[in-house]
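Annotated features, as they stand in TrEMBL:
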type	residues	note
COMPBIAS	1-17	compositional bias 'Basic and acidic residues'
DOMAIN	568-719	domain 'STAS'
REGION	1-27	region 'Disordered'
TRANSMEM	108-129	transmembrane segment
TRANSMEM	149-172	transmembrane segment
TRANSMEM	216-239	transmembrane segment
TRANSMEM	251-273	transmembrane segment
TRANSMEM	378-398	transmembrane segment
TRANSMEM	418-441	transmembrane segment
TRANSMEM	453-476	transmembrane segment
TRANSMEM	513-544	transmembrane segment
Amino acid sequence: MSSESKEQHDLSPRDSAEGNDSYPSGIHLELQRESSTDFKQFETNDQCRPYHRILIERQERSDTNFKEFVIKKLQKNCQCSPAKAKNMILGFLPVLQWLPKYDLKKNILGDVMSGLIVGILLVPQSIAYSLLAGQEPVYGLYTSFFASIIYFLLGTSRHISVGIFGVLCLMIGETVDRELQKAGYDNAHSAPSLGMVSNGSTLLNHTSDRICDKSCYAIMVGSTVTFIAGVYQVAMGFFQVGFVSVYLSDALLSGFVTGASFTILTSQAKYLLGLNLPRSNGVGSFITTWIHVFRNIHKTNLCDLITSLLCLLVLLPTKELNEHFKSKLKAPIPVELVVVVAATLASHFGKLHENYNSSIAGHIPTGFMPPKVPEWNLIPSVAVDAIAISIIGFAITVSLSEMFAKKHGYTVKANQEMYAIGFCNIIPSFFHCFTTSAALAKTLVKESTGCHTQLSGVVTALVLLLVLLVIAPLFYSLQKSVLGVITIVNLRGALRKFRDLPKMWSISRMDTVIWFVTMLSSALLSTEIGLLVGVCFSMFCVILRTQKPKSSLLGLVKESEVFESVSAYKNLQTKPGIKIFRFVAPLYYINKECFKSALYKQTVNPILIKVAWKKAAKRKIKEKAVTPGGIQDEMSVQLSHDHLELHTIVIDCSAIQFLDTAGIHTLKEVRRDYEAIGIQVLLAQCNPSVRDSLTNGEYCKKEEENLLFYSVYEAMAFAEVSKNQKGICVPNGLSLSSD
């Protein structure tokens, strides 16, 4: 006997009436303690003895006036007190809760070490990812600095590293390039003259009276997208609509990141080869970019190509060694910083830009630019782009924070994480920054180097501040090809997902198909369309699973009250004349025909039986004697139906999560069709939602309450008793006599 059945055996009427689940009035649940021997005790001289049942009634609810309800809620939420104000402030600024309790001796060394290492890694990556976002290098440093400070104040995860993320930089860069083309900027880095640009189109400067060059307009677009994305994220946190992220499954996110990684790799190819190519946007940009690359391959800058190959030969093996010996190394080797410093020195003293026309980073100013509000006129153009960016940003941040919190045994507040990442975008957007989120690679480094609390983010911000105030101009001669190599090498993790496909296929073929569809659409179409296609296809797969679900006939496990599929397990017992059918899906308008066809196929088809009976009746009528005058004898023609061995069908509803109107109508239709041929239909193990739907849909009349059973075993036992009492009174007045 299952544990659930044992619990039900011990139920008393008082316990059941006071239980957590409320059942609709008018539906009686039979006690599980009525064993099979109880049913066998019914003899013909005690034919109408009723079963002992429990009437579970709903608790009475007082009718609350809607106006009073709203007023009460407003009073509760709008009431202000010192304690409530304190809790609200502490909830919004988690740093005020954990910082006063900070264990200096225990945590400071690990936080400082991890903060330093992540800061060192962030310097070259921030500069490299700025190119991916279509921005000047200094803006990537701004972004990482402000994100680290703000998340330290608002975040609840102790381990995640918030800053630049390659996929978001790619999405920002695509939006920036599109808006630059619409504004009439050419691909040169020089500022166009006010009013006319090289292609003769008119450029209107809506932002200020001074000239706004390409770099200025690019960060204007980027900061505006970032501001809108942050507003979306804060709004989702306020209205608690984080459930949107559940539509982004692990397979979908993994496929999306891998597909976007191909686009990132493609966008960096021109830097590795030293080609001056326009950035392709829109659908098919992946293919278009490679067409441009191969058409201009003869223009490759040999200096940039050799530099790229040398950097790859250094970065790839060292990264692999870092990963292979991460358990033995106290901190990963900062090979990216070493490569950046060495390449900058070689470019500066070798005068690669002057002698070989190698593309370099250029002047990186020190200090901070004055804050500036986003360009409101651009909001209508970029509002749609910001939706996908905001969803990807908060989905990755929340999933990573929950993953590492579970690993280290603490809790995070998903809603607060949405606020944190939202303000990590809103506030920096006024300081010439672009969109940020958590990043897995840097988070793993942060965790492995001894991070304990969010204080490590402050140390990271100090490293970036030092670079911004002092060191940034020293990167003037750094080749862009080096930055492109750094970006590509950091895609290794996403591209390695191909190695996991055989295992994923063995676990879930549907998830593997979702991964492939999302990956291909993200790479071949565009990142935004790829995400949309992935979400839609994932939802379609869920519908497909419920449209054609599994169904089976059940048998009884020996010496138990457990029923399993007869097609999956051996040595199961079945009762003659009783079929037990299980349908593993909700029963609603999409799969109602599948339910009927599966039920009819595995039991008997009442429609075909009725047709056969009609044909037999017609044959008998033709065989009747007719008077000489041609008038048929006026005698009642008794149509004897062929005897059916099957007399009861039990539908196991334990796997049916819900019913809709079409599902209730289907159950009524099935029951009516079977009763027309003398077969009774019993429902067992309906959950409260299904029972409510059956009651509201008037599936059962009051005298038919015993058609619903709490367990399949009880329904089967009732079917046996009702077969023995066929044609006479059975408990609760249900007549099972058939013509």
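Note: Cβ is positioned from N, Cα and C throughout, glycine not excepted.
Keep in mind that TrEMBL annotations are predicted by a computer and have not been checked by a curator.
Outside the transmembrane segment (149-172) by six or more residues, the chain places 92-95, 118, 122, 125-126, 129-130, 132-134, 140, 143, 222, 225-226, 256-257, 260-261, 263-264, 267, 385, 388-389, 392-393, 396-397, 400-401, 404-405, 408, 410, 412-413, 416-417, 419-421, 423-424, 427-428, 434-439, 442-443, 445-447, 451-455, 457-458, 460-461, 487, 490-491, 527-528 with a CB less than 8 A from a CB of the stretch.
Listed stretches 108-129, 216-239, 251-273, 453-476, 513-544 were compared with the transmembrane segment (378-398); the greatest number of C-beta pairs under 8 angstroms is found for 216-239. Annotation: stretch 513-544 has the most Cβ pairs under 8 Å to the transmembrane segment (251-273), among 216-239, 418-441, 513-544. Between the transmembrane segment (418-441) and the stretches 108-129, 216-239, 453-476, 513-544, the greatest number of Cβ pairs separated by less than 8 Å involves 216-239. Across the domain 'STAS' (568-719), the model assigns an average pLDDT of 79. Using a Cβ-Cβ cut-off under 8 Å and counting only residues 6 or more beyond its ends in the same chain, the transmembrane segment (216-239) has close neighbours at 133-136, 139, 172, 175-176, 179-180, 183, 185, 191, 207, 372, 374-375, 378-379, 382-383, 385-387, 389-391, 393-394, 415-416, 418-419, 421-430, 432-435.
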